[in-house]
Amino acid sequence: MALDTGQTRRRTLQLAALALAAGGTGVAAAQDGGDDEDDSEDDAGEEAERTVILGARSSYWYGLEPPEIEGEENPTLDLGSDGEVEIVWINLDGALHNLALEDADGERLEVSEETETPGEAVSMTVDADGSAAEYYCEHHPDSMRGDVGERNDGADESDDDGDSDDGHDRDRDRDHDHEHDGNRSDDDR
């Protein structure tokens, strides 16, 4: 099992470096200790546990892995309904974060350790029994919150008709509005 942990950490650190570079935080990326070996053979057949990897920013969770959530803000996490799932999150902005899971009644099920160290990865293993309904950061619960459940990767009708009631796009919309302050079209003047 030590190899699994090493492989997971190495992959996590690689993803952390990618996320930090993509996020433009200016923080030096974490390194894997100089191991330049091709790990593809080591990983073969060792995927007994599912892994979800997120980046933590005060304004949202950033999906890194699996590929279905890559690049999404506050993605819906499909943890399945049996077995164990490893949830890894990486601090991308140096703010204090943790990750909590709660059920549909708002009862806290699990909570990770906290960190405010940029680039630090925190890992927690949870039982995927179908009871989790949401995940969030206890320090930024309004902006860093997402659903847990089956993903609907087809057309998302809630975004098409503007009647989304989940509130997850609120911060993105606010940021979008600020990008266009002072950039009004001639029709607005």
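Each residue, glycine too, has its Cβ placed from N, Cα and C.
Per TrEMBL, region 'Disordered' is recorded for 24-48, 129-189. Under the heading compositional bias 'Acidic residues', TrEMBL lists 33-46, 155-164. The domain 'Blue (type 1) copper' feature in TrEMBL is assigned to 86-148. Here TrEMBL flags 136-154, 165-189 as compositional bias 'Basic and acidic residues'.
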With DSSP, how much of the compositional bias 'Basic and acidic residues' (136-154) is helix, how much strand and how much coil, in residues? 0 helix, 5 strand, 14 coil
Under 8 Å Cβ-Cβ from the compositional bias 'Basic and acidic residues' (136-154), and at least six residues away from its ends along the same chain, one finds 56-61, 68-69, 74-79, 95-102, 111, 114, 166-168, 171
